[in-house]
Amino acid sequence: MAKAPMRVAVTGAAGQIGYALLFRIAAGEMLGKDQPVILQLLEIPDEKAQKALKGVMMEIEDCAFPLLAGMQAHSDPMTAFKDVDVALLVGARPRGPGMERADLLSANAQIFTAQGRALNAVASRNVKVLVVGNPANTNAYIAMKSAPDLPRENFTAMLRLDHNRALSQIAAKTGKPVSSIEKLFVWGNHSPTMYADYRYATIDGKSVKDMINDPVWNNDVFLPTVGKRGAAIIEARGLSSAASAANAAIDHVRDWVLGTNGKIVTMGIPSNGEYGIPKDVMFGFPVTTENGKYKIVEGLEIDEYSQGKIKITLDELEGERAGVQHLL
């Protein structure tokens with residue numbers, strides 16, 4: 001018997017990431033090749049943005065995707081989020097010239113407070129929310145705090161791009177395929193302070209740390225390369241990473257919904273105090289997923305070097321959280 005369609009909301013739907021994302025969702029890459037979807041697409045109520053969204057929708061129609069059971073354009077989150085099962089919050093206020101980080105936090109706090117309230121009011125009670133728009137962890141925290149009637153664990157932030165970037169760097173360093181790398185994960189904020197950790201990682205059962213055995217490379221090449229990759233792409237392409245961000249969003253939601261079969265991945269999720277991270281901080285953790293639920297991998301030893309790295313990214317997140325507290 002055919003499955004009932006799942007409703008998927010995407011914000012910033014006419015943007016670069018939206019354009020790289022929507023066709024893949026409609027093709028079944030995110031929720032499964034047997035799962036029909038209805039796309040509920042949100043853009044700002046600006047004539048140009050709405051017109052661009054219509055153009056993207058025309059292209060999606062022209063793909064004649066068998067799994068696409070419906071599609072609507074919206075300018076109001078209260079209608080866009082109605083009964084949605086998955087919400088991808090991609091649209092965010094980018095940092096403009098001369099804008100301080102505090103200005104950026106407050107501009108985004110307004111957007112994500114409104115979207116959190118709308119999800120709280122009209123989304124499915126089991127909605128799975130992924131925040132992609134930066135600063136992703138803090139935006140996810142704001143949305144979660146603005147939706148008190150939804151389970152807090154339904155709100156997540158995207159650390160999967162950092163995770164995938166780390167995988168590709170390890171693959172390049174070892175000369176092994178990405179698919180052979182297991183147990184690599186990322187702690188903390190989706191920012192240059194994130195801590196990609198391969199101390200437990202293996203390739204074909206062998207320790208990656210022993211294979212590479214180069215703490216200087218780890219500290220001076222690997223971590224800065226992964227942490228500053230977004231800036232390097234802007235420098236090279238003149239635009240921020242869109243296709244790789246869309247790909248990471250698909251990976252994140254697919255694994256959350258369909259399960260990882262015991263494989264460890266990275267998700268930004270609200271802490272319950274694990275590994276000494278204060279409750280409610282939206283933090284990148286190693287997780288496994290099963291039956292639509294994620295579970296933090298517990299019992300990992302955190303050495304002194306790692307403790308220092310985790311503290312740096314936690315301090316940054318605590319600073320961001322303090323910077324928006326008065327807006328909530």
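If you go along the chain as it appears here, the first residue is 1 and each next one adds 1.
For all residues, glycine too, the Cβ spot is worked out from N, Cα and C.
Lifted from Swiss-Prot, the feature list:
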- H190: active site, proton acceptor (ACT_SITE)
- G12, A13, A14, G15, Q16, I17, G18, N108, Q115, V132, G133, N134: NAD(+) binding site (BINDING)
- R95, R101, N134, R165: substrate binding site (BINDING)
Problem set entry | Span of G12, A13, A14, G15, Q16, I17, G18, N108, Q115, V132, G133, N134 around NAD(+) - largest C-alpha separation, Å | 20
Exercise. Q16, Q115, N134: which of these binding-site residues has the highest Cβ count within 10 Å of its own Cβ?
Worked result: Q115
Exercise. Substrate site residues R95, R101, N134, R165: biggest Cα-Cα distance, Å?
Worked result: 25
For this session: Return the residues near G133 (NAD(+) binding site), defined as same-chain residues 6+ apart in sequence whose C-beta is under 8 angstroms from its C-beta, sorted by sequence, else 'none'.
Result: T11, G12, L89, V90, G91, A92, N108, I111, F112, N139
Exercise. Which one is closest to R165 (substrate binding site) in space, judged by CA to CA distance, out of the recorded positions A14, Q16, G18, Q115, H190?
Worked result: H190
Seminar exercise, completed: Cβ neighbour count (10 Å, all chains) around G18 (NAD(+) binding site) is 24
Problem set entry | Q16, G18, R95, R101, Q115, N134 filtered to the binding-site residues whose C-alpha is within 10 Å of H190 (active site, proton acceptor) | N134
Seminar exercise, completed: Given the recorded positions R95, R101, R165, H190, the candidate whose Cβ has the fewest other Cβ atoms within 10 Å is R101
For this session: Measuring CA to CA, name the entry from the binding-site residues R95, R101, N134 that ends up nearest Q115 (NAD(+) binding site).
Result: N134
For this session: For A14 (NAD(+) binding site) and R95 (substrate binding site), determine the Cα separation and express it in whole Å.
Result: 18
Exercise. What is the number of other Cβ atoms found within 10 Å of the Cβ of G12 (NAD(+) binding site)?
Worked result: 24
For this session: Whole-number Å only: compute the distance from the Cα of G18 (NAD(+) binding site) to the Cα of N134 (substrate binding site).
Result: 14
